[in-house]
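Trainee: Copying in the features that TrEMBL gives for the protein in this structure:
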| type | residues | note |
| --- | --- | --- |
| TRANSMEM | 21-44 | transmembrane segment |
| DOMAIN | 31-474 | domain 'Major facilitator superfamily (MFS) profile' |
| TRANSMEM | 79-99 | transmembrane segment |
| TRANSMEM | 111-133 | transmembrane segment |
| TRANSMEM | 139-160 | transmembrane segment |
| TRANSMEM | 172-190 | transmembrane segment |
| TRANSMEM | 202-223 | transmembrane segment |
| TRANSMEM | 288-309 | transmembrane segment |
| TRANSMEM | 324-346 | transmembrane segment |
| TRANSMEM | 353-375 | transmembrane segment |
| TRANSMEM | 381-408 | transmembrane segment |
| TRANSMEM | 420-443 | transmembrane segment |
| TRANSMEM | 449-470 | transmembrane segment |
| REGION | 490-521 | region 'Disordered' |
| COMPBIAS | 503-513 | compositional bias 'Basic and acidic residues' |
Amino acid sequence: MKLREKDSADNKGSDLEKKKLDWSCSLILASLVGAFGSSFLYGYNLSVVNAPTPYIKAFYNESWERRHGYPIDSDTLTLLWSVTVSIFAIGGLVGTFLVKVIGKFLGRKNTLLVNNGFGVSAALLMACSLPAGALEMLIVGRFIMGVDGGIALSALPMYVSEISPKQMRGSLGQVTAIFICVGVFAGQLLGLPELLGKESTWPYLFGVIVIPALVQLVSLPFLPQSPHYLLFEKHDQEGAEKAFRTFLGKEDISCEMEEVLAESRVQRNIRLVSVLELLRSPFVCWQLITVVISMACYQLCGLNAIWFYTNSIFGKAGITPEKIPYITLSTGGIETLAAIFSGLVIERVGRRPLLIGGFGLMALFFGILTITLTLQDHAPWIPYLSIVCILAIIAAFCSGPGGIPFILTSEFFQQAQRPAAFTVVGTVNWLSNFTIGLLFPFIQQSLDTYCFLVFAAICFTGALYLYFVLPETKNRTHAEISQAFAKRNKAYPPEGRTDSAVTDDKTNIRPEPDSSSALEN
């Protein structure tokens with residue numbers, strides 16, 4: 001009996017040891033450095049234009065008057081400012097289409113490295129626009145920064161997902177969302193008047209973009225390429241094994257290699273899938289619909305509308321205009337804390353509860369916020385309830401919907417399908433971003449505070465769809481996730497091969513004899 005207890009204890013100790021050794025400093029460093037030079041810059045550029053808005057408009061007016069001899073009219077100024085803000089989304093759309101082309105030849109890691117060139121050039125253009133007196137430099141810089149963001153939000157989740165063990169795939173995947181929130185907070189912080197939010201220093205707000213880009217540029221070359229990319233696309237098994245050992249921090253990687261090799265045998269002779277082939281494939285129909293709806297809700301859920309109302313709600317609560325920028329920092333802090341919380345619990349709770357719960361809570365608090373904004377003049381305490389609703393909406397968003405759509409896109413699709421899937425999802429992301437920026441002023445003008453009911457309906461619809469369709473993907477392989485969708489797709493992938501739209505003809509005619517058992521394993 002004692003001998004059995006001892007063996008059991010030894011086995012538990014061995015299991016604990018294996019779990020502890022399933023990551024290394026290189027894995028954490030790759031995730032942090034990758035996110036700091038990529039998703040951090042995306043979040044930073046979302047918020048950095050808010051503080052210097054009056055100074056940038058004054059600069060536009062001065063530049064126009066110096067060239068044309070008369071002041072700029074208000075309509076033209078509004079148009080130029082709208083272009084400056086919205087062209088970031090257009091650049092993001094261009095970057096989304098570029099990532100598949102660049103990634104095919106350079107891989108995930110080198111795509112991130114090349115992307116730093118866009119970040120550095122955009123920072124220099126925007127920082128030098130005031131000394132040069134050229135407003136076009138700022139607009140072009142914002143466009144190039146959007147290209148950087150479009151590439152980053154596709155290449156980074158793919159890289160992090162492919163270097164992570166499946167037990168940590170969700171937690172490390174949330175690093176993308178965490179650094180977006182940290183970037184938003186950094187933009188708010190540096191925009192304070194005591195720091196860089198002054199008329200004489202606002203160009204430096206854009207110049208500091210070079211720091212994360214350079215940090216990634218000097219750090220990432222010392223870390224390995226994605227082992228999945230090395231094995232599937234470069235057919236370098238030795239390099240893949242070496243990368244696995246570096247990232248997992250252990251010598252025995254037989255289990256990990258067996259999983260990847262099994263997937264490799266199933267996908268033998270597979271070429272990269274085009275977007276059109278992915279859209280036509282019956283085996284990933286519902287996976288594609290699910291990630292598209294998740295990403296559309298991610299952008300259309302109304303978080304941008306929250307920023308529009310924040311200052312007026314804080315003012316109604318009796319906060320003086322001088323203190324509002326400092327109170328607004330609390331929203332960035334809540335974002336960051338909620339994203340960190342999500343990263344810590346996602347492997348215990350799962351993707352499904354966090355995503356559905358996040359959208360559900362947002363719908364609830366949007367409804368309450370509509371009531372409190374409508375009745376805010378009836379009692380002095382109601383504006384404070386509005387502030388609580390705003391913070392609750394931000395926390396609900398960042399605890400799930402703020403990062404999980406990127407994780408799901410990595411988990412739903414095979415290696416050959418992933419770049420095309422990120423192209424589709426990225427297109428939906430940036431088009432939704434552009435649409436909400438374009439239409440929200442009209443929605444707000446016509447519906448006033450009732451505009452939040454539109455966002456409540458979007459969040460509720462998204463939560464309802466995900467409740468009925470989304471399976472849990474925590475700790476599951478791609479084959480298991482595909483099997484969960486197979487019944488809904490009404491198309492079971494043939495054993496030993498993938499969809500005929502994405503394989504070579506030889507594979508379709510004569511499947512490999514050992515692939516079936518590999519897939520079942």
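Quick reminder: no glycine exception, Cβ is built from N, Cα and C everywhere.
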Trainee: Do at least three C-beta pairs under 8 angstroms join the transmembrane segment (324-346) to the transmembrane segment (449-470), pairs 6 or more apart in sequence?
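Mentor: Contact absent: fewer than 3 Cβ pairs fall under 8 Å.
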Trainee: Considering only Cβ pairs under 8 Å, which range in 21-44, 79-99, 172-190, 353-375 makes the most contacts with the transmembrane segment (449-470)?
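Mentor: Checked against 21-44, 79-99, 172-190, 353-375; highest Cβ contact count belongs to 353-375.
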Trainee: Across the domain 'Major facilitator superfamily (MFS) profile' (31-474), what does the pLDDT come to on average, as a whole number?
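Mentor: Computed over the domain 'Major facilitator superfamily (MFS) profile' (31-474), the mean pLDDT is 83 on the 0 to 100 scale.
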